[in-house]
Structure formats: structure tokens, C-alpha cells
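Per TrEMBL, the feature ATP binding site maps to Gly163, Gly165, Lys166, Thr167. Per TrEMBL, the feature domain 'AAA+ ATPase' maps to 152-282. For 368-437, the entry in TrEMBL reads domain 'Chromosomal replication initiator DnaA C-terminal'. Per TrEMBL, region 'Domain I, interacts with DnaA modulators' is recorded for 1-82. According to TrEMBL, the feature region 'Disordered' maps to 90-114. According to TrEMBL, the region 'Domain IV, binds dsDNA' annotation covers 341-460.
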Amino acid sequence: MTQDQWGSIRDELHQSMGANCFQSWIEPLKYVGAEEGIARFNVPTNFLGNYVSQNYGDLLLSKITRLNPTVRRVVFDTVTAAKTAAACASAQDHQPEPLAAPQVQTRPASSPDALNGSPLDKRFTFDTFVVGKPNELAHAAARRVAEGGPVTFNPLFLYGGVGLGKTHLMHAIAWELRTRHPHLTVLNLSAEQFMYRFVQALRDRKMMDFKELFRSVDVLMVDDVQFIAGKDSTQEEFFHTFNALVDQHKQIIISADRAPDEIKDLENRIRSRLQSGLVVDLHPTDYELRLGILQAKSEMYARMYPGLEVERGILEFLAARIVSNVRILEGALTRLFAFASLVGKPISMDLTQECLTDILRVSERKVSIEEIQRKVADHYLIRHSDLVGPKRVRTFARPRQIAMYLCKQLTTRSLPEIGRHFGGRDHTTVMHGVRRIEELRKQDAQIAEDVELLRRSLEA
Ligand SMILES: Nc1ncnc2c1ncn2[C@@H]1O[C@H](COP(=O)(O)OP(=O)(O)OP(=O)(O)O)[C@@H](O)[C@H]1O
């Protein structure tokens with residue numbers, strides 16, 4: 001930031017604070033320069049430095065970062081005439097006095113564009129976000145907002161269940177804006193942090209600062225907005241902040257675990273404000289999206305653990321079995337790679353089942369062997385007795401193998417148990433059947449489609 005730019009910030013502050021306040025607190029600041037992310041000011045007394053830091057620190061930082069996004073901190077050095085003289089004298093003695101001047105600092109911003117909001121997670125970018133049917137609309141809307149053009153829908157309201165990628169998308173927007181429009185001030189924080197800051201500002205009588213800060217951002221992102229339900233004063237302040245930013249055509253992005261009209265104890269005026277832009281939901285993941293995410297993450301892990309890789313069959317198994325949320329899916333893969341590298345074994349199906357027993361048990365869906373047999377028999381228009389009976393003609397043998405394969409994929413039953421349900425067959429017969437279908441799925445499009453159809457109808 002140049003001295004001229006500081007001059008223009010001073011003018012703005014003069015306007016907004018009023019002459020008295022400005023003369024008391026801002027006029028005495030001497031801007032020294034900005035280096036390595038720190039903007040330095042000299043102040044004549046410790047008291048003034050402390051006061052300005054506590055009461056106007058955030059405001060100054062927000063104005064400075066708008067002009068110079070690399071600045072993360074504002075530091076006030078107390079420079080008195082006596083100290084300057086002492087420093088000169090000691091320099092002449094070649095005994096430099098340690099710089100006794102206390103440095104009063106504003107709290108460091110987590111990253112330049114987030115001011116003091118939540119730090120942005122480096123992993124949460126558009127590049128690492130896997131798009132599928134359940135999240136394609138949310139992804140498209142996020143991309144649109146991240147372009148940073150004229151504000152078309154305000155707010156963008158993203159909602160969906162736990163671990164479905166809301167925070168990931170919000171951070172991706174922030175990263176993208178940072179690259180495309182580095183001059184924009186993006187504040188990203190959770191609704192809980194918003195409330196915390198609000199309460200603190202009330203307690204410290206710094207509401208002016210609070211209001212100024214929130215009204216000075218170009219893009220405001222609030223995660224988990226359902227948190228403010230039932231908290232009346234926070235809602236009130238949020239409402240005013242929201243309106244002020246919308247009036248200035250500043251983009252707001254909100255996330256929540258449910259739609260605005262499902263958030264209880266939310267004032268109606270806020271609810272209708274939240275609905276006034278674009279409301280999009282992230283649907284629960286489907287099999288294809290889970291598989292896509294697993295593939296992307298396993299490629300990443302394969303780079304981190306040279307020599308370890310995971311076969312598609314195992315990824316398909318995990319995608320079919322872990323249906324809860326992406327966080328658990330990721331956790332399973334992390335554990336699998338860490339475990340295999342610790343025990344020094346390749347990632348096999350046995351190792352997967354051993355290492356993930358607890359996750360697989362919790363995620364076990366209530367699909368029974370009987371249900372699978374019934375669906376398969378209906379699909380191929382054969383009788384149940386032929387499906388499990390001894391006849392080896394292909395019209396019965398192929399559906400039987402498909403049913404065995406689905407039992408292995410969708411239940412936690414062991415091979416011998418599955419064998420018992422198929423007319424007391426041996427576990428090696430079941431294993432052969434499962435492997436056969438694994439191969440055929442790659443070679444025979446009709447079988448691949450049948451298996452997929454059956455799996456979907458069993459999962460539904
Ligand atoms: N489509 C996706 N592609 C890649 N990773 C994803 C996707 N969806 C979610 N994830 C990952 O899943 C994890 C959980 O996502 P995130 O934290 O964004 O969920 P959330 O919806 O904000 O959940 P919560 O409501 O618990 O805060 C993150 O590690 C994220 O990277």
C-alpha cells in the first residue's frame with residue numbers, strides 16, 4: 001500500500017468516523033509501509049496503539065486488504081522521542097538496545113481474503129470436487145458465483161445433509177474468487193463465529209466496528225446458518241448485515257443443513273430473505289458419485305503411498321456398501337491405505353473387510369439374501385426354486401451367479417452363509433460365481449446393465 005492509498009483510506013475513515021473521532025485516533029497514526037504481509041504504523045503512545053488496535057484494528061485491516069490483499073496483519077510500533085534518542089545513542093555504542101517498543105497487533109487474518117474468518121482448506125477447490133447427478137446444480141451455481149460477475153442471484157443458498165460437500169463448495173468459490181479477483185474482500189465464516197463476534201462486539205462496545213467490517217466486505221459466506229435459529233439478537237443483526245450487503249449488490253453465500261422453510265425458530269423475514277435468491281440442494285450421493293469420489297481420492301492416495309493401489313472391484317464394493325456420507329467414505333479409504341502400508345500388504349478384498357469391519361457393519365443396509373433372490377428371480381422371470389436349485393442350464397445359472405454377486409456386494413454375509421441360501425452350495429462355488437460376474441460386467445454390457453438395475457432397485 002502506498003502513502004497515497006493510505007491517504008485515501010484516511011479520507012474514507014474521516015467521512016465515516018466523524019472529525020472528532022478521526023482526530024483522536026487515526027490522525028496520529030504514521031503509516032510506515034507494508035512488507036511481508038505486515039502493514040506497519042508508528043504511534044506516539046502505547047495507549048493509542050492499544051486502543052486503535054482493539055477498536056479499529058479489524059476495520060483498518062479490511063480496508064487495507066482491499067487495496068493490498070497480501071497484507072495479513074496490522075502492527076503498531078510505539079515510537080516516542082525519548083526511545084528514538086535512546087536507540088540512536090545505543091547504536092553509536094554498538095550495543096543495540098533490544099527494541100523495547102511493544103508491538104500491538106491486530107489478530108492475524110487466517111488468509112488475506114478471509115479476513116479473520118475461517119481459514120480456507122487447501123483441498124477444497126473446484127478441481128477436487130467430483131460432480132455427479134446429486135450435486136450438479138449446486139456445483140453449477142457455485143461455479144457461476146465464483147466467476148464474480150454482476151450479482152444475479154443473491155443469496156446463493158446451498159443446503160444438504162451432513163458431509164455432502166457444502167463447505168467444500170463454499171471454499172472452492174472463495175479460492176476461485178481469490179484467483180480471478182484478488183482485490184475483492186471475501187469473508188468466510190460460520191454462523192457460530194458470526195454470533196460469537198457479535199456478542200463480543202456488544203460486550204466490548206465495538207458495534208460500530210462490527211457493522212463497518214461486515215458491511216465493507218465484497219462477498220460474505222456464512223456456513224451452517226441454521227445455527228442462528230432461536231437466537232433472536234443474532235438473527236436481528238444478521239438480518240441488517242444481510243440487507244446492507246444486498247443493497248450494495250454484494251454477493252452473499254449461505255449454507256445450511258436444511259432448506260430455509262425447514263429451519264425452525266427462524267424469523268419469517270429472514271426466511272423469506274434467504275429464499276429470495278437461488279436455493280439449491282445437494283442430494284444424498286448415488287452409487288456413481290460415490291464411485292467417482294473414491295476413484296479420485298484413491299488416485300491421490302496412490303501418489304502418496306507409492307506401490308499401493310486399489311482395484312476397481314474394491315472401490316465398487318465400498319461405493320455400494322458405504323452409503324452414509326462422503327466424509328465416512330473418505331475416512332474408509334484413508335484408513336485402508338494407512339492400514340495396508342503399515343502391515344505391508346496389498347489392498348485386497350479380505351484386507352478391506354478386515355480393516356473396515358466397523359464402518360461396513362454400521363453402513364450395512366437391511367437388504368436380505370431373500371430379497372435379492374426375489375428381485376433377481378422376478379427380473380429374469382424364473383422361479384425361486386430354479387434360482388436356488390441344482391439345474392445348471394445357463395437360464396438359471398447366470399441369474400444365480402448374479403444373485404450371489406449381489407449378496408456379496410450388498411450384505412455382510414460370508415461366502416459359506418450365502419452358499420447355504422443357494423441350496424447348500426459350497427463357498428468355492430459362490431466365490432467362482434462372484435468372480436465370474438465381476439469379469440462379465442466388464443465384457444458384457446447387458447449383464448453390466450442388469451446388475452446395475454438390480455442393485456439400484458435393491459438400494460431404493
Ligand atoms: N463431490 C465431492 N467431491 C469430492 N469431495 C467431496 C465431495 N463432496 C464432499 N466431499 C468431501 O467430503 C468431506 C465433507 O464435505 P464438507 O465438509 O464440504 O461437507 P458439508 O456438507 O459441509 O458437511 P457438514 O454439514 O457436516 O458441515 C470433505 O472432505 C469434502 O472434500
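Glycine is no exception: its Cβ is also placed from the backbone N, Cα and C atoms.
Counted within 10 Å of its Cβ, the other Cβ atoms near Gly165 (ATP binding site) come to 27, all protein chains included. Thr167 (ATP binding site) carries a helical DSSP state (H, G or I).
Within the same chain, residues at least six positions away from Lys166 (ATP binding site) with a Cβ under 8 Å of its Cβ are Leu158, Tyr159, Gly160, Asp223, Ser255, Leu282. Within 10 Å of the C-beta of Thr167 (ATP binding site) there are 19 other C-beta atoms, taking all protein chains into account.
Predicted-model confidence for the region 'Domain IV, binds dsDNA' (341-460) is 90, expressed as mean pLDDT. Note on the domain 'AAA+ ATPase' (152-282): DSSP counts are 67 helix, 26 strand, 38 coil. Those same-chain residues not listed among Gly163, Gly165, Lys166, Thr167 yet with C-beta within 8 angstroms of the centroid of the ATP site C-beta atoms are Gly160, Val162, Leu164, His168, Leu169, Ser255, Leu282, Val326. Gly163 (ATP binding site) is surrounded by 18 other CB atoms, counting those within 10 A of its CB over all protein chains shown.
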